[in-house]
């Protein structure tokens, strides 16, 4: 018996292990084995009826095996589902074992000690009793005389066994075919059953199974993120393309706007030019009509060459005016097409041509009339409203120097007497090879003077720049006389439109001397002389002063080629002047040979013929500042040139009257070379040159203020200015000497 019990126990444990690891159990084989064992047991106990019992049990087992299994499966199918619902996340075997422990823990001590052994024996008893419970209940007794289990316990154990097998299959199927929806439902059930926590082993198994669930969710999330990024990238590309298109359209709009704006400006400029030409032609026509009514005796003293020059100027002006509309029309056709010329522009062009032709014919007729008149007969004035200065031809005809002076003044004719037709041109600032001097002071007329000279000017606009020829209106020259009223001579450079009159349209009109002269003279006038003329009419007892005195002596002093005109005195009068003249500029240049840093008191002493004020003083100081600037520039230039030539000592540097530096300085301050430069100036120039040489050799020119030390040395080398410079007629006296 003990051997039989130990063998049965081992078979039960082996069977239980096979159930735990999922090995399929053959029901028929196990039942036959147990049936044989039971038959042997009963035959030993009851030899008489053993054979009958064995046969009966075998038959009973063979007939009822399949029916019992099907019946139990169908009977407990619903109860299995109900039992599985409360434990969705736990292992079925663990739940069954736990239930068995709770149910049998108090009645079977052997089960508490060894759960696996008890369970195995119960299952074995279940198999035995389930086959013979209906026909032979007394036979299902334990060897120890223990009564067999009730039908309910047998059914329960069988149901639990089948439920465990089915749970294994379900777990396998569930692990293989999990979906996101199933995982989501499992998570919800887990949250609902969170209070019913299980053992750590069960939790580990559950977590291990759940770690595999979010893979599909993670993949779908990554796909969603990548799709979203691709969508954003596409939107960004489209926005960038739209921005580029808008920028391109903006550039096109800007180009169109600039084209329209430029075309509008060009049309306005052309219209303005045409209107200006039309106005000028109307003015010329009016002047020509006025000239017809003049008496012939007003031009008895005029130079016939003047009319030839005027005729030539008008011819050139007509040619330029006729060519200008053609050029403008060709430009407009090239830019905007052949039909873009407006009717107004065509009308203005035609009007301009007609007016120019009319004016030209009238001028030619007038010139022919003048030359066809008898010598003793006085011819009418051609252009009295122009108020042209007559410096070229206002000299007395009996003077033997007239023709010579007139010929020598040809190069300065346009400077002293500008063409009235050139007053419409633009003013070009002349350039000179010498250092640019400060522009002379400009003094404009006040309202009282304009009203006083209004009838004489014919109601024309006052010019911005007045003539320097009026500076000598207070001086008299008995050998000259002029037929025109003095108020007309006070403003010889006036133009009807008030434009500046010092224009240069030709390349051969200005030499360096004339350019420098014009720069210093075209913007000068004297208020004192104009005021004097407006209050002192012409009378035989007091002949009016003329403009030739200043202009001719000015040219003589600047150019030095009019020695026969040296007897003309620009300071024959003693009236005070309120402005600076070119003679004052010449005087200041000569004074620079003696003093480089004059004080304001010295200037007032040596320019006694000028009524000083703040502007006059500032202008004189500015002149000397420009003189010094040119002086120092030349010194530095020749000092560096000497260093480049290899000069190493200051003893090798000297200035003589034959050196190039002296000629440059003399040409600037004494252009006519009619003044003898004092020896003291040569000494000062030599000291200055050596100072610059030493400073450059020592490397002091790196400092921006390195010249200040030289200035301090040179300012102490000023010498006394001769007393002759205090006289208003100092230039005449110096030139005579």
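Indices start at 1 and increase along the chain as displayed.
Every residue gets a Cβ built from N, Cα and C, even glycine.
Look at Swiss-Prot and you will find 1-28 tagged as region 'Interaction with RORG', backed by experimental evidence. According to Swiss-Prot, the region 'Disordered' annotation covers 103-147, 178-221, 320-344, 444-476, 525-547. Sequence annotations record features per position, and here Swiss-Prot assigns compositional bias 'Polar residues' to 103-135, 464-476. As annotated by Swiss-Prot, phosphoserine applies to 177, 179, 199, 291, 295, 511, 514, 557. The compositional bias 'Basic and acidic residues' annotation in Swiss-Prot covers 320-337. Residues annotated as SUMO2 cross-link in Swiss-Prot, with similarity to another entry given as evidence: 324. For 577-735, the entry in Swiss-Prot reads region 'Homeo-Prospero', with the evidence type sequence analysis. Sequence annotations record features per position, and here Swiss-Prot assigns domain 'Prospero-type homeo' to 577-635 based on sequence analysis. Look at Swiss-Prot and you will find 636-735 tagged as domain 'Prospero', backed by sequence analysis.
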Number of helical, extended and coil residues in the domain 'Prospero' (636-735), per DSSP: 64 helix, 0 strand, 36 coil
Per-region confidence, the region 'Homeo-Prospero' (577-735) (mean pLDDT, whole number): 92
Other CB atoms, at most 10 A from the CB of residue 177 (phosphoserine): 8
Secondary structure composition of the domain 'Prospero-type homeo' (577-635) [DSSP: H/G/I, E/B, coil]: 39 helix, 2 strand, 18 coil
